[in-house]
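Feature list (source: TrEMBL):
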BINDING   80-84, 150-156, ASP191, ALA294, GLY357, HIS411, ASP490  (6S)-NADPHX binding site
BINDING   ASN81, ASP146, SER194  K(+) binding site
BINDING   LYS456, GLY457, ALA458, ASN459, THR460, GLY489  AMP binding site
DOMAIN    10-254  domain 'YjeF N-terminal'
DOMAIN    259-544  domain 'YjeF C-terminal'
Amino acid sequence: MTELLTAAQMRAIEAAAIASGEVTGLELMERAGRGVVEAIFEEWPELAPSWGPTPKPPEYLLQDDEEGKLRAVVLCGPGNNGGDGFVVARLLHEAGWGVEVFLYGDAEKLPQDARANYERWMKAGTIAMLDTYLARRKWGCDILIDALFGTGLSRPLCGFGDLFWNTSDARDCHVPQFGHPRGRPAIVSIDITSGVCSDSGRAFNLEDCNPNAISAHLTVTFHRAKLGHFLSEGPQYTDRVIVKDVGLTLRPNEVRPVVTISAPYANWLEKDDDHKYKHGHVLILSGGVGSGGAARLAARGALRIGAGVVTVGCPAAALVENAAQLNAVMLREIGDSGDLADVLGDERINALCVGPGLGLGDRERELVSFILGEGGVKPRPTVLDADALTLLAADQELFSRLHSDCVLTPHAGEFARLFPDIAEKLNAPSSVGPFYSKVDATRDAARRAGCVVLFKGANTVIADPKGGCSINTSVYDRRAPWLATAGSGDVLAGFIAGIMARQFAPVYAAWMGAWLHTECAIKFGPGLIAEDLPEQLPAVFRDLGV
Ligand SMILES: NC(=O)C1=CN([C@@H]2O[C@H](COP(=O)(O)OP(=O)(O)OC[C@H]3O[C@@H](n4cnc5c(N)ncnc54)[C@H](OP(=O)(O)O)[C@@H]3O)[C@@H](O)[C@H]2O)[C@@H](O)CC1
Ligand SMILES: [K+]
């Protein structure tokens, strides 16, 4: 688990460290700049000054360059992000690079530490206004440093001409070419790509401009990654994020900061030597004839992830269809709440999954209502997905019966139906940052529902009613776009139910289920269909040492 910070938390940590005398702001800025230069040389070792018998770049890097130097252009903004840029300019200059610095804003108004580094740079080189660089209409560098805005960006940008579009083109269509005067540079953003809100990942919208931010090959951030690196559009604007230690020891003052989910421990997933019912029994409710595929996918997921027994319950007419498709999964007739009461008479059924392919009629409403405690049935850990979410959205009375052992797993459309006002706030165009984020929205939804909410998407956010929140990252090195395939959500619902049957608390089941779901997709790769996901679990488990 890695903590992710908001801009305010980062500022508070920085301020507390400075107030305690642990470090000065100027020293922090120096460490930040040093971290950026280190990260550049780690990412592109051929640029580092220290390889080979002599501290000199190889011939191919020098051949077209008049001065025989690697060249950097550093674009500095009006705040401390710009201050970091002046440090990077000085350090690259000291490493023998040709460096040009361009400023956006008024040098007289730079904050104190940025101003100090501006003056230090002025002893080594010169500074021109950003417009001068934009008017040149050529890159003229091997590395372009984006030190325009960091965590202090609070409103839309203007005056950047084609810069955002050009960086997007350079990143998406070309490999950086070092040492060629007309080559395209590697683009490195300091802290966060300029134009993106560090709390929400949303880019500040410009009416006449798309893209709305710098696109970078590499972003170097400090102490901890920020929420905006993982949420919304944030990951679209950078290929990679590296976190550099700047010697800060403090943690955020929030009791439960947002974390990224990491691999579950092998011993959590292992089964002990016991009989099948010791590993739990999941009941999955299915729809009628021709609608059972989603429930069967969920059932396969629940069984593979380690539930001891999985039963699908369906109306009488669908028994033959399901029997023809299921082997290890058991089958029961559940036509109405009376049948359901009979089946739930088996106390060993300790987790339920309801919604995939269920249907939206009176029977289904009655079943969901019964599961949520109508008629005094004991509430059990329950995943509510797909049609169950639609039923909940249409029925306030049903929604009010959600309990703390429930997990809701909406995608964006279902989320908007369930929590229309929250979704509206999340999607509202806004010009003043920081924006309301997917983390804020999921936390608010979980508080209102009184249970765990797993808000699906390229990055899935999981929140519990007490404010705990985590992100299952599927970007950067965990990118798995082929997960967007029919039925993959049904498998996820089955994974979570299967883990709950193993007696994990709902929030842990949601974390593990989401992480393993992404991992199965990564393991399989392109061409994945939902049926493949549970079949990857044995290999994923082996990798984890289970
Ligand atoms: N925290 C740490 O530990 C460390 C932090 N460090 C670095 O500091 C960075 C944060 O610095 P920061 O707070 O000065 O913010 P930053 O993004 O540089 O810019 C703020 C300026 O931009 C202005 N402005 C805003 N929007 C604008 C717009 N649309 N168009 C024009 N102007 C706009 C805004 O003006 P204002 O809103 O006040 O009018 C203000 O002048 C952080 O990202 C990291 O790189 C490291 O040095 C060391 C460790
Ligand atoms: K930046």
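A Cβ is built for glycine as well, from the same backbone N, Cα and C atoms used for every other residue.
With respect to their backbone Cα atoms, ASN81 (K(+) binding site) and ASP191 ((6S)-NADPHX binding site) stand 8 Å from each other. ASN81, ASP146, SER194 are the binding-site residues among ASN81, ASP146, THR151, SER154, SER194, THR460 whose C-beta comes within less than 6 Å of an atom of ligand 2, given in sequence order. Among the binding-site residues ASN80, ASP146, SER194, ALA458, ASN459, GLY489, residues whose Cβ is positioned under 6 Å from ligand 1 are identified as ASN80. Counting Cβ atoms from all protein chains shown, SER194 (K(+) binding site) has 28 others lying within 10 Å of its own Cβ. In the three-state DSSP reading, ASP146 (K(+) binding site) counts as strand. Within 10 Å of ASP191 ((6S)-NADPHX binding site), counting C-alpha to C-alpha distances, fall the following of the binding-site residues ASP146, ASN459, GLY489: ASP146. Of the listed binding-site residues GLY83, GLY457, GLY489, the Cβ environment within 10 Å is emptiest of other Cβ atoms at GLY457. Within the set of binding-site residues (ASN81, THR151, SER154, ASN459, THR460), the lowest number of other Cβ atoms found within 10 Å of a Cβ is recorded at SER154. Same-chain residues with CB within 8 A of the center of the LYS456, GLY457, ALA458, ASN459, THR460, GLY489 CB atoms, the AMP site residues themselves not counted, are HIS411, PHE455, VAL461, ASN472, SER474. Those residues of the chain, other than ASN81, ASP146, SER194, with a C-beta within 8 angstroms of the mean position of the K(+) site C-beta atoms are LEU75, GLY77, GLY82, GLY85, ALA147, LEU148, PHE149, GLY150, SER189, ILE190, ASP191, ILE192, THR193, ILE214. Counting every protein chain shown, the Cβ of ASP146 (K(+) binding site) has 30 other Cβ atoms within 10 Å. DSSP classifies ASN459 (AMP binding site) as strand under the three-state reduction.
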